[in-house]
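Going by Swiss-Prot, these are the annotated features:
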- 18-25, 64-68, 142-145: GTP 1 binding site (BINDING)
- 450-457, 488-492, 555-558: GTP 2 binding site (BINDING)
- 9-192: domain 'Miro 1' (DOMAIN)
- 208-243: domain 'EF-hand 1' (DOMAIN)
- 328-363: domain 'EF-hand 2' (DOMAIN)
- 441-604: domain 'Miro 2' (DOMAIN)
- 1-622: topological domain 'Cytoplasmic' (TOPO_DOM)
Amino acid sequence: MGQYTVSTRKNVRILLVGDAGVGKTSLILSLVSEEYPEEVPPRAEEITIPANVTPEQVPTSIVDFSSVEQTEETLGLEINKAHVVCIVYSVDDDDSLDRITSHWLPLIRSKCNATLEGDAETEAETEAAGEGLRKPIVLVGNKIDLIDYSTMDSVLAIMEDFPEIESCVECSAKTLHNISEMFYYAQKAVLHPTSPLYIMEDQELTPACKKSLVRIFKICDTDGDNLLNDYELNLFQRRCFNTPLQPQILDEVKAVIQKNVPDGIYNDAVTLKGFLFLHCLFIQRGRNETTWAVLRRFGYNDQLEMCQEYLRPPLKIPPGSSTELSHRGQKFLISVFERYDRDCDGALSPEEHKMLFSVCPSSPWSYSTDIRKSCPINDKGWVTLHGWLCRWTLMTLIDVVKTMEYLAYLGFNVHENDSLLAAIHVTRERRIDLAKRQSSRSVYKCHVIGPNGSGKTGLCRGFLVDEMQKLIGKEFKTNVVHCINSVQVYGQEKHLILRDIDVRHALDPLQPQEVNCDVACLVYDSSNPRSFEYVARIYIKYYAESKIPVMIVGTKCDMDERRQDYLMQPAEFCAKYKLLPPHLFSLRTNKKELYTKLATMAAFPHLRHFGLLTEDSKLLWKAGLGLAAATMLGFIVLKTLSAAGSHSR
């Protein structure tokens, strides 16, 4: 799959207006026939120039307007249909030049605003729309063959007062001087407009353009030293223009920057100020297309907003499939982490985390209340590389669109020179896993369900820490819905996501999205005689007839175990429904085998009823070997799961 760049318009529509007799029709006919017409009709018919004969390779329609044959109402319609309007004046007629400001520009503004008023609901919206969406204008001085002076000084003064004027050109329909250039400027005003990039009266970049270029600079600064060295500049050049930067040209560019911006070059590398100056210079010299090529390569549209197609390419996810990070996606995220881990301590401090997402509109999560409490961290409470990848794995499973969006913000498309789809792996459908009796996925979701006070939140948080004793007696004030970490299942790393299902009242029904998962963990407090009844009812109502593996867990097993006030005791209940015996869990005494068992159950979804394990022992043996051929022959699923009784009592 090739690189993705935001596309420009598929066609351009140019409208020519101006006073009678200034030569609008002659300009069109001279362009088409490449000779001056002896007889000129009142108005030329609309013509379309094929893409292969235009400099920008875009089909272009040229429309003539005649006040003799057409009405002002027709003019209004044509103005709104046009992408750019060329106001033609005669260089030997001062009145036609004066009427640019007294008649034509106010008229075009009024026609555009009339359309915007119909779409805007408030006066403020109308004013804002009128300022931001004015029709691009090109001023065309015809009949330059009749004078020996230029009108450019007068025209430049007009341009300062009307920012929608993109460019101006003097030409002659009779001698064909600058005829092609005139229509090229008109195309350019549509495809590579100046106004979104540059404030003419201030001679500087617009805030939106500057913000976009700052983001691009940061993304291209792959070593994070706030400079673009020769390697980074060459990579930037290849990604944007598909060609290397010749050493001589690179030296010349640096010399120009050094001459004009004293601190634009540092240690023979380009600073941010130098980078911004370079693009300002491109625009001042009429090379808008260079800056636009860069912006579009990095996902920006004509309004300097990130294009939705760039952020969210269509991704087909069949029913029963899930989404994971591909190897390339993980590799890219590792490189981003290492770039911003300035002190190389293997973790992101709050400040480093903030700097990392400075190229995004905002962070995808809260550092203090989300990522630090949903994935592994170090002793300082900072997110480790492992935790960083875990959090992205979590987001990719539950909100893959958001993952793609933030990968785009961070520059995946450019660094990997590919579509965002290359960062995502869509797993096969779950029904196929069941049919093949083995799952090839590496990320599983476990719903932890139980009554309030059962200890399910502590069970989830215990998955993130090496020493669970640290959590004893701790109040969990922040309600973190998901916790994610990795476990080894037959020598392969699997990510397990624990979702803490918040149940306010015992009689509240569970929603389908709260029930459906890869494995369910039903939690009761073994020291509370009324706790198991809720778990039993949940199982019978939602899971008894489903294909979802279920493990029943009794927490707080370090306390006195109480007989449950239910028809059956937990062990009897599990035996009746052919489930593994209850796994007794305690933050004080338990190790982490519970999480490995849950992941293993998710990896082998066909073994839902573990009372049938003896019948499936040969199959289980093969499945274990198929999941990880390098695993010792004695390690099979049966050993992992059936040992629940010995480990949990």
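Heads up, the Cβ atoms here are built off N, Cα and C, so glycines get one too.
Note that the structure is a prediction, hence the values are computed from the model and not measured.
Annotated features, which come from Swiss-Prot, shown on the structure.
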residue	record	Cβ contacts under 8 Å, 6 or more apart
GLY18	GTP 1 binding site	LYS24, ILE87, VAL88, TYR89, SER96, TRP104, VAL140
GLY21	GTP 1 binding site	SER90
VAL68	GTP 1 binding site	ALA20, PRO42, ARG43
GLY450	GTP 2 binding site	LYS456, VAL503, LEU522, VAL523, TYR524, ASP525, SER531, TYR534, VAL535
GLY453	GTP 2 binding site	ASP525, ASN528, SER531
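For the domain 'EF-hand 1' (208-243), DSSP puts the residue distribution at 25 helix, 1 strand, 10 coil. Using Cα positions, the member of the binding-site residues VAL489, GLN492, CYS557 nearest to PHE65 (GTP 1 binding site) is identified as GLN492. Within 10 Å of its Cβ, the residue among the binding-site residues LYS24, PHE65, ILE144, LYS456, GLN492 with the fewest other Cβ atoms is GLN492. Taking the Cα of ILE144 (GTP 1 binding site) as the reference point, the closest of the binding-site residues VAL489, GLN492, CYS557 is GLN492. The average pLDDT computed over the domain 'Miro 1' (9-192) stands at 88. By neighbour count, meaning other C-beta atoms within 10 Å, the densest spot among the binding-site residues VAL489, CYS557 is VAL489. The DSSP breakdown of the domain 'EF-hand 2' (328-363), given as helix, strand and coil counts, is 23 helix, 2 strand, 11 coil.
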